[in-house]
Amino acid sequence: MAGGGGGGGGGGGQKQDDLAPHPVKDQLPGVSYCITSPPPWPEAILLGFQHYLVMLGTTVIIPTALVPQMGGNNEDKAVVIQTLLFVAGINTLLQSFFGTRLPAVIGGSYTFVLPTISIILAGRYMNEPDPHTKFLKIMRGTQGALIVASALQIIVGFSGLWRNVARYLSPLSAAPLIALVGFGLYELGFPSVAKCVEIGLPELILLVIFAMYLPHTIHMMKSIFDRFAVLFTIPIVWLYAYLLTVGGAYRNVSPKTQFHCRTDRSGLIGGAPWIRVPYPFQWGAPTFDAGEAFAMMAASFVALVESTGSFIAVSRFASATPLPPSVLSRGVGWQGVGILLDGLFGTGNGSSVSIENAGLLALTRVGSRRVVQISAGFMIFFSILGKFGAVFASIPAPIFAALYCVFFAYVGSAGLGFLQFCNLNSFRTKFILGFSVFMGFSVPQYFNEYTSVAGFGPVHTRARWFNDMVNVLFSSKAFVGGIVAYVLDNTLHRHDGAVRKDRGYHWWDKFRSYRTDTRSEEFYSLPFNLNKFFPSV
């Protein structure tokens, strides 16, 4: 056994510091620019454009899947994408100025796809012979459902009800919620990369090389490669995909492969107008159906829970202190306003926090609010100039899927990071953590498998609206895992003195009220002295 002496000669025993665990941090260290410290303007503009590129994936993928099912053509699809992009820009600005004040991009959400498909399959639209008329009717029905569903988040958020729920959230119950917000989207990662592996896999490999390896190899431009890895890699792989397309590599392959691999199959550039400003009720007056509204309200509630985890992850990556519950509730209210705007403008989809953009904050280590506001400017600008926006929107989907593999993983790891506040040697902690994560994956898997085989969900009563509500709720991994963890954490031996420390509740005590930590004012105070009229508590 070496090193019996006290370490006088410089090689004997380990220092005590080497054996000590890493200290707990309520603000994430290593972030280059936090919320209130913007990078120089040229760098901020490039970073904002990068956020715009990243959010394009979801903005294009959702309408591309839904509009043809509605009966719309390429022109309709291009206009829906423009509208979704335009409203996303407005919602991002509203959230960053008046909501949580976090650098969170508010864009299209996969959570609202299920109820939208339910509306598409509704019997009252089946007998419409003209595809374009059918598209307009379904879009109006979706608008009505979104307008009603927005009331849920507006009321729950602005009334302060969600503030009371969030005050019982501990690091232990937050960890599975945030982890599943990221890891739960795994099916949008490599399975989508593999739909055109010769394009998706090079993007994934190049992104990892540029972001992780080159900064430690080329020290002169260290921050350039990881900070702008997306801007470096997308043009390279996009050009490669274009060369494969014009070179005839996909001439004799299946239509499905051509759709995913070719750079000229989106139909967006030809369908997009040169200049067009989206406006409310552009598809006509919304129509309302109680059953459809209930299903969309269920999706709105799921989006509320998922966005709670996303906001916490964004605050972490922006090196801010944990969100005070009153600020979180305010953000939920403004997200409800965002869903209302989706319904008024007719995006065909609801809004929530963009998970991929939250992951981009971690990759770039830039959590500046100004950068995300600049990205919102790009969204609005390119949504109005349709042809130019359509060029970027025609990037093949497997390239975006490769980005998701990194960004969703980052968000999932943010959830795991909150376990530093918990006692992982406690069997109570192990049970709540393991059981909630397992059920978060297992229950939605059952619902999805059942639906794929039977053509309808496990709950199939005569009341279709009830079926849709339950199936939407239990198809979200983050919702199921988050609710299980929250209920167990707040009911299982909660009043035991040791449990309070085991669950990490004491670490967040000073952040449960806006006024008890001086840093809250720096990160979350409203602009234009609005705190006087809308106080946070």
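Using N, Cα and C of the backbone, Cβ positions are placed for all residues, glycine too.
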Next item on the list: Have a look at 49-67, 277-295 and point to the one annotated transmembrane segment in TrEMBL.
Entry: 49-67
Checklist line | Two-stretch contact, the transmembrane segment (228-250) and the transmembrane segment (49-67), at least three Cβ pairs under 8 Å | finding: yes
Next item on the list: Would you kindly list the residues that approach the transmembrane segment (79-98) from elsewhere in its chain, counting only those six or more residues past its ends and only Cβ-Cβ distances under 8 Å?
Entry: 55-56, 59-60, 62-64, 67, 72, 104-108, 268, 271-273, 276-278, 282, 330-331, 334-335, 337-338, 341-342, 345-349, 351, 369, 372-373, 375-380, 382-384, 386, 389-390, 393, 526-527, 530
Notebook entry, point to check: the transmembrane segment (196-216) vs the transmembrane segment (104-123): three or more C-beta pairs under 8 Å (separation of 6 or more)?
Noted result: no
Check: Okay, the transmembrane segment (168-189) and the transmembrane segment (431-448): do they have at least three CB pairs under 8 Å, pairs separated by 6 or more?
Finding: yes
Margin query: Counting CB pairs under 8 Å, which listed stretch among 49-67, 104-123, 144-162, 168-189 touches the transmembrane segment (468-488) the most?
Written below: 168-189
